[in-house]
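Colleague: What follows is a single structure, and I will ask about it in a moment.
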Amino acid sequence: MAEQNGNQNGDGPTPPPICKRCNTNPSVINLRSEHMCGTCFDKYTRSKCIKRTETYRVRYNPPDTDTTPRRLLLPLSFGISSITLLHLLNAQLQTQLERTSRTGFVLLVMYVDESAIDPSVPTGDTSIRAVQARFPDVGEYMVAKLEGIYEFSHAVKSFEMGAAATPQQHTDWEGRLKELIAALPTPSSRMDVLQILRTRLMVELARKHACEAVLWGDTTTRLAEKTLAETAKGRGFSIPWQTADGESPFGVKFLYPLRDLLKKEVAVYVSLDLPTPLRPLCFAVPQEGEGEEGEGGRKKYAAVGKGITIDELMTQYFEGIEGQYPSIVANVVRTAGKLVTEGGVVRIGRCKICGLPRDGGGGELVLDAETKLGESSNREANGNGHGEKKEGSDMCYGCARSVHGAKTYEWPL
Amino acid sequence: MSPPLHIPASKLCESCRATRALISRPKTNQKLCKTCFLSTFEAEVHATIVSTTLFTRGSRVAIGASGGKDSTVLASVLKTLNERYDYGVEFVLLSIDEGIKGYRDDSLETVKRNAVQYGMELVIVSYEELYGWSMDSVVESIGKKGNCTYCGVFRRQALDRGAERLGINHVVTGHNADDIAETVLMNLLRGDLPRLHRCTSIITSSTSSPIARSKPLKYAYEKEIVLYALHKKLDYFSTECIYSPEAFRGSARTLIKALEKVRPSAILDIVRSGEAFSRMIPSQAQASSAKLSQESGMSNCTRCGYLTSQELCKACTLLDCLNKNRPKMAVEVEAGIEDEEASSSLRRGMEAMKLAEEGIVN
């Protein structure tokens, strides 16, 4: 808290300035050059989230339309962002109940248990009970195993191709997931593919549990990181699908209610007394020291050099930018928001990995969509050898890059 | 050819399988012998040129030559390809003398040797003759800070005037894939949609200049350019400009280099994303400022005749400042100024905010 404050303007030992909004309480945060106290910062944060979830106000419609609360899926990673989002939506629900004795939405809070691939990660049962005890009235709480993605092979095929496929028989999903991850060539690929699996699992769970939207906890900073990371992975074409509010190509809406808050602001927010701080609920974040906010239950990047991943590199990059040039972070997200996907959702076909409409990328390193690299460089450049050309043709360019050089693997969807 | 002397299969060139591999291609990690590396590099530039029908037979094209590695490799490769594939293009070297002692005078000597080595005509246009100011005297007058703004504006116009003098309407420059990837990221960071729209185009022609610019090395990695120069034993000059030390070590550049280390294809992947962005920008946002100036009509600078949307062109405005011996006027770079040049001010502005280098780079 104090460190966020002091660092900004080099306030030094002088007493904290007074909140610019209420002019009474001491400031806890210098918010884009406006000092704010805890109460005013709380109001500010709530308003940012409310603005982005206006669709889910209580509905007063004519009797012939459906006024039952809409079901929304909230993926919970126990990071600072998703916990904050849960808290803000809980507050919103409380307000709706007080005012109207009804609610506009109900949540399905979902934690993904990734202990199959990282045994050091807790299974989440105790953590989710603690969170449920704090926010008991928002809806249901569930823990899903990441390997549960294998359950959805059938559903995905019928959604994407309208084709009937044989349902997956239940055979050692955990082992198959481990094999898949182990087959991937680099830490960057593994992190990328894991992120894709999480997203696709959430989509499938949302469909299965009749949720009309997924509420992601991404902050402005996280969206900027994602924009640059996906650019660096050659997935520029799909950025709107990964960062925009609204209908996603998966047939489920995606919303990012924290898109107007910086990560560093959320980091201050979880330490506020509201009346109890949220921080102890952020189980994925080391409780001591500041700035350890690893997203999605991942470990904070300790790796350097080749061990670091593209996503971690971007997280690190924006940590630096956010401190000194917060407007640049917002700039990136605003720019991404102005991009429009080519030809809309229906085109060429889907990437079998990420499930998004393909860009006709193929599995080779290409100069551009048409021009291949010099003859000789194609032949043996990749470990997978000759089958690659065909194999890559049902993927988007970014996914083809990510699984480039992978050992034989079986894709769950 | 000497018989292979028991070279283990793992040490063989992955392309010809006959000689020992000497080079690990930075772009793909492919292990190649020297000959295969050189021919692969050339084949890729050729593929870029052919797929974009960059040149027309019988035309004269100027190579913007600084004597540095990029433009020297560009000149060498274009000469090779022109002969090998019979493009039927006449290439001419066009150099700008900014008037920086201890830097440009030395690099111009390199260009003069290159002109002889490649049998190309060379034209040198100097700031001194065009504007009456050398960069040395500009820096003497305004100091080092902000001098790149002057240099960038002057260079663009100087290249156009040099091309005009040669009766040429197409200048190729040595911008490489790293430069383009950096520009894509910079334009994302500052939210510049019009530039994001055009920065990956291989050829750009704008309303503010009668001369088209193109980048045949847009898919060539900086590291491979260095390797090509090295193995071809090209004669190039490798000192950085003394007035913008570390100009290329801004944060986006550092990020690109770190990404390349993590995944070598990342540079190419960013260029590819940039090409996708170019098609994803709504038409009304593609050319905001350039369109505005088109609507208000481009006219000739009342003083020097250069195309401009204002009464005076950017160079004459800056010259006014210099001549009045005023300190640097706050100038935002006009639409149409080449991306790499224009991005330099933001790049410098963000230099302070470097990545924790020890954390990311090694």
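Just so you know, glycine gets a Cβ as well, placed from its N, Cα and C.
What TrEMBL says about a protein is an automatic prediction, not a curated fact.
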Colleague: For the ATP site that TrEMBL assigns to B:G64, B:A65, B:S66, B:D70, B:G174, B:D179, which of B:I96, B:I100, B:I142, B:I203 is also named?
Modeller: B:I96
Colleague: Please report the number of other Cβ atoms within 10 Å of the Cβ of B:S66 (ATP binding site).
Modeller: 22
Colleague: What are the helix, strand and coil residue counts for the domain 'Cytoplasmic tRNA 2-thiolation protein 1 C-terminal' (B:300-330) according to DSSP?
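Modeller: Helix, strand and coil residues of the domain 'Cytoplasmic tRNA 2-thiolation protein 1 C-terminal' (B:300-330) number 10 helix, 3 strand, 18 coil.
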Colleague: According to DSSP, does B:G174 (ATP binding site) fall in a helix, a strand, or coil?
Modeller: coil
Colleague: Could you give the mean pLDDT over the domain 'Cytoplasmic tRNA 2-thiolation protein 1 C-terminal' (B:300-330), rounded to a whole number?
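Modeller: Averaged over the domain 'Cytoplasmic tRNA 2-thiolation protein 1 C-terminal' (B:300-330), per-residue pLDDT gives 80.
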Colleague: Looking at ATP and its recorded binding residues B:G64, B:A65, B:S66, B:D70, B:I96, B:G174, B:D179, figure out the farthest C-alpha pair and report it in angstrom, whole number.
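Modeller: Across B:G64, B:A65, B:S66, B:D70, B:I96, B:G174, B:D179, the widest Cα separation comes out at 20 Å.
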Colleague: Measuring CB to CB from B:A65 (ATP binding site), give everything in the same chain under 8 Å that is also at least six residues away in sequence.
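Modeller: Those within reach of B:A65 (ATP binding site), by Cβ under 8 Å and sequence separation of 6 or more, are B:S71, B:T72, B:A75, B:L93, B:L94, B:S95, B:V111, B:N114, B:L122.
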Colleague: Is B:D70 (ATP binding site) helix, strand or coil when read with DSSP?
Modeller: helix
